Amino acid sequence: MTEKRNIFLIGPMGAGKSTIGRHLAQQLSMEFYDSDQEIEKRTGVDVSWIFDIEGELGFRKREQKIISEIIDKRGIVLSTGGGSILSREIRNKLSSRGVVIYLETSVEKQLVRTKKNKQRPLLQVDNTSIQTVLEELAFHRNPLYQSIADITIRMNDRSIKAIVFYIIRLLNNF
């Protein structure tokens, strides 16, 4: 990867997009952005609050606006929210403005990684199990992730460092 192209990380919640993104940006000396953190920084409230007050539609509008602004930058690593790919406009922009890396993970891994986090609005369910919600999200979203991915990384039990260096190796051959 001779010139610094934008790198966009997509995938479901709990896949490790933010963690991998931060480490990848550091290794490549690139600027890192997390779309959820950018929304929180600009609004002064957390994502859960936005979901409670504005609903998912209100949140998605904010997310689309912020991602559209961020991807106009050059030489960045962006960790997107799991549902950002629901927008055709965002999918098209990500595809045309950088390398899209899909961090693929199982529902079982998501359950382990998200069980202690009470800040995930889509997992605040009453009569439905979290596993059922994650399975439904995977059913609808995984084909969208796959449709725009330039590179797919199966997240497994490898260390963060090993995954980051594997991604860098793939990017060098891209």
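Note: Cβ is positioned from N, Cα and C throughout, glycine not excepted.
The Cβ neighbour count for K17 (ATP binding site), using a 10 Å radius and every protein chain shown, is 28. Here Swiss-Prot flags G14, A15, G16, K17, S18, T19, R120, R158 as ATP binding site, drawing on sequence analysis.
According to DSSP, S18 (ATP binding site) sits within a helical segment. According to Swiss-Prot, the Mg(2+) binding site annotation covers S18.
What Swiss-Prot records for D36, R60, G82, R141 is substrate binding site, and it gives sequence analysis as the kind of evidence. In three-state terms derived from DSSP, R60 (substrate binding site) belongs to a helical segment.
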Whole-number Å distance between the CA of G14 (ATP binding site) and the CA of D36 (substrate binding site)?
13
Could you measure between K17 (ATP binding site) and D36 (substrate binding site) for me? Cα positions, answer in whole angstrom.
11
Looking only at DSSP and grouping its letters into three states, which state does G82 (substrate binding site) belong to?
coil
For the C-alpha pair, I'd like the distance in angstrom between D36 (substrate binding site) and S18 (ATP binding site), rounded off.
10
I need the CA-to-CA distance for R60 (substrate binding site) versus S18 (ATP binding site), whole Å please.
18
